[in-house]
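Chemist: Got a structure for you, written out below as structure tokens; questions coming shortly.
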Amino acid sequence: MINTQQLRQEQTEKAQQIILTDQFMAPTYIAGADVGFENSGAVTRAAIVVMHYPSFEIVEYQIARIATLLPYIPGLLSFRECPALLKAWQGIKQKPQLVFVDGQGIAHPRRLGVASHFGLLADIPTIGVAKSRLCGDDKKLDDDVGSTEKLMDKDEQLGWIYRSKKRCKPLYISPGYKVSMESALAWVKRCINGYRLPEPTRWADGIASNRRLFEQLNKNKL
């Protein structure tokens with residue numbers, strides 16, 4: 001039986017170890033990380049894509065598949081996803097200086113989303129780039145590209161709400177680990193290239209979702 005109370009306590013304790021200052025050099029390699037599922041959720045599939053910055057040329061990628069260890073439990077997603085992410089990370093030869101993770105950083109009820117959890121375990125600077133809001137007050141943005149609001153939980157800033165593309169839902173950006181609030185937004189902006197998602201997580205999302213087009217395009221780019 002899964003002890004959810006113990007897992008939540010572990011999140012609270014690990015959140016105290018999260019560093020929210022910039023501890024990385026100007027990156028020449030940036031990675032995107034995302035997780036998908038196969039066999040009706042029985043298999044967890046993680047993809048990590050390393051890209052040269054600023055060309056966004058793909059350097060390498062790793063896909064890891066493991067038996068799913070936990071069912072979906074709101075707020076405990078990182079315990080479900082991190083084991084597969086760590087397995088994929090172990091196979092990466094060209095380690096990046098910065099990783100964009102599809103999911104939350106500190107914008108989490110206990111301030112430990114998958115980007116923060118993975119960054120702490122792998123000891124790598126991370127940014128959470130989420131497609132939906134998990135916590136904090138939602139705010140309506142103008143439809144203009146670049147419209148930005150702070151993602152707040154009472155008096156605490158958790159991240160940013162950012163319009164990356166017209167007529168698309170905004171992104172919810174938050175620092176994960178060893179990245180400041182300001183840098184989290186700035187680096188996502190630098191990696192937007194005409195799509196809703198920044199290039200690193202756009203590619204990781206496509207590969208982790210098992211889309212054949214992304215697999216083929218990726219082979220062509222290598």
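Any Cβ shown, glycine's included, is placed from N, Cα and C.
Per Swiss-Prot, the feature Mg(2+) binding site maps to Asp34, Asp102. Per Swiss-Prot, the feature site 'Interaction with target DNA' maps to Tyr72; the stated evidence is sequence analysis.
Describe the structural context of each listed feature in the structure shown, including burial, neighbouring residues and relevant distances.
Modeler: Its Cβ taken as reference, Asp102 (Mg(2+) binding site) is surrounded by 26 other Cβ atoms within 10 Å in the chains shown.
Under the three-state DSSP scheme, Tyr72 (site 'Interaction with target DNA') falls in the coil class. The 10 Å shell around the Cβ of Tyr72 (site 'Interaction with target DNA') contains 10 further Cβ atoms across the protein chains shown.
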Chemist: How big is the gap, in Å, between the Cα of Asp102 (Mg(2+) binding site) and that of Tyr72 (site 'Interaction with target DNA'), rounded to a whole number?
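Modeler: Just about 16 Å between their Cα atoms.
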